[in-house]
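Enquirer: Got a structure for you, questions after.
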Amino acid sequence: MPLNVSFANRNYDLDYDSVQPYFYCDEEENFYQQQQQSELQPPAPSEDIWKKFELLPTPPLSPSRRSGLCSPPCVTVASFSPPGDDDGGGGSFSTADQLEMVTELLGGDMVNQSFICDPDDETFIKNIIIQDCMWSGFSAAAKLVSEKLASYQAARKDTGCPSPARGHSGCSSSSLYLQDLSPRASECIDPSVVFPYPLNDSSSPKPCASPDSTAFSPSSDSLLSSTESSPRASPEPLVLHEETPPTTSSDSEEEQEDEEEIDVVSVEKRQPSARRSESVSPPAGSHSKPPHSPLVLKRCHVSTHQHNYAAPPSTRKDCPAAKRAKLDSGRVLKQISNNRKCASPRSSDTEENDKRRTHNVLERQRRNELKRSFFALRDQIPELENNEKAPKVIILKKATAYILSVQAEEQKLISEKDLLRKRREQLKQKLEQLRNSCA
């Protein structure tokens, strides 16, 4: 922001003089030498260059989306309570409170809203923002805020001493401030048009909180609880309650504790009363919604069975579908039991090593048996009987040819046997005839 600007500075024509040494035309000057000569001159542009650009944006922006600043009347009621409200806070403004409110108003988006710069005002045309929007924006905003605070303090003094009926005086003062800001607040954009979900609770709108709780510092926990408690509620416009008294400091402290203790698990427990009222007495003409059941996380085992490509192919026939399903389920259960038995990664590593060792032993035994069977087959073939280095393919081919030759010889011998049997029968009959003739 510009240097040498304060709330007591009323001569806005001299604002440019304070920053005039920063700007120069084509004249070459030694600014650092001037600074050494004159102690009253502000620092050079290179030393304090970023402070020149800390100005408020001139064009008006949209209203703030924060829950504490979305409704200006609520903020006014919470911050300017009657003088007798010792519990609610804010009777006589201290210097710290005034500085905090002014800083919040100037730091947020509310300076650029229509309730500060009213276009219907006659002084708006002669405003110094229009005359010089580059250097006098902060001064004009400070002037407007100070005038607004002075008018509120004068209105509070006119109300007189507080009566014993503190609630009535609170309502009258709040209604007075709301009447002052109601036409300006109506010009703001309705947050329900921008947000699909309402910022307040769906069951009943809460009264505006005091500045100690959440008026100027809205927490993300409250927004989270409101959006998660009613995610399917229809968007409703924010309603300004004129007769709602400000809450006490004890209520605000309890609300702060509730908001600080919010976590992911207890978000759904924030609105028990609203859910009870909806379940007991639903409004007429509306359909009752089923209660949202909380999500339950269940543990499930993902089967990661891999095929052993090193194992020999199975020569047995395929099992039926039912038997195959039983075998698969048995494998899954066995894997689950094995996973449960593995208590630590060290034990799982030892089990894997044992399985690998047993697999290697079985594979070695299988290869040795296959080699012995080939050697036995080679010994049965006459051509390869003495050839110890005969490959397995030659052994198989010679064995096949030898088997075929042996089978052919077998058939030949069987036919010869049949002929000999017939010859025997004939000889027996002939011998019997000779015996009968001799007798």
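Cβ atoms here come from the backbone N, Cα and C positions, even for glycine.
According to Swiss-Prot:
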MOD_RES   SER6  phosphoserine
MOD_RES   THR58  phosphothreonine
MOD_RES   SER62  phosphoserine
MOD_RES   SER71  phosphoserine
MOD_RES   SER81  phosphoserine
MOD_RES   LYS143  N6-acetyllysine
MOD_RES   LYS148  N6-acetyllysine
MOD_RES   SER151  phosphoserine
MOD_RES   LYS157  N6-acetyllysine
COMPBIAS  210-237  compositional bias 'Low complexity'
COMPBIAS  251-263  compositional bias 'Acidic residues'
COMPBIAS  266-278  compositional bias 'Basic and acidic residues'
MOD_RES   SER293  phosphoserine
MOD_RES   SER314  phosphoserine
COMPBIAS  315-331  compositional bias 'Basic and acidic residues'
MOD_RES   THR315  phosphothreonine
MOD_RES   LYS317  N6-acetyllysine
MOD_RES   LYS323  N6-acetyllysine
MOD_RES   SER329  phosphoserine
COMPBIAS  335-347  compositional bias 'Polar residues'
MOD_RES   SER344  phosphoserine
MOD_RES   SER347  phosphoserine
MOD_RES   SER348  phosphoserine
MOD_RES   LYS371  N6-acetyllysine
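Quick one: where do these features end up spatially?
Expert: Cβ contacts within 10 Å of LYS148 (N6-acetyllysine), excluding its own Cβ and spanning all protein chains shown: 16. Taken residue by residue with DSSP, LYS148 (N6-acetyllysine) is part of a helix.
For SER151 (phosphoserine), no same-chain residue lying six or more positions away in sequence has a CB closer than 8 A to its CB.
Applying an 8 A CB threshold to same-chain residues 6 or more apart, the list for LYS157 (N6-acetyllysine) is empty.
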Enquirer: List nothing but the one residue from SER347, SER348 whose Cβ has the fewest other Cβ atoms within 10 Å; the candidates are the modified residues.
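Expert: SER347, out of the modified residues SER347, SER348, has the fewest neighbouring Cβ atoms within 10 Å.
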Enquirer: Please report how many Å separate the Cα atom of SER348 (phosphoserine) from that of LYS371 (N6-acetyllysine), as a whole number.
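Expert: Between the Cα atoms of SER348 (phosphoserine) and LYS371 (N6-acetyllysine), the distance comes to 35 Å.
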Enquirer: Please work out the number of neighbouring Cβ atoms within 10 Å of the Cβ of LYS371 (N6-acetyllysine), leaving out its own Cβ.
Expert: 11
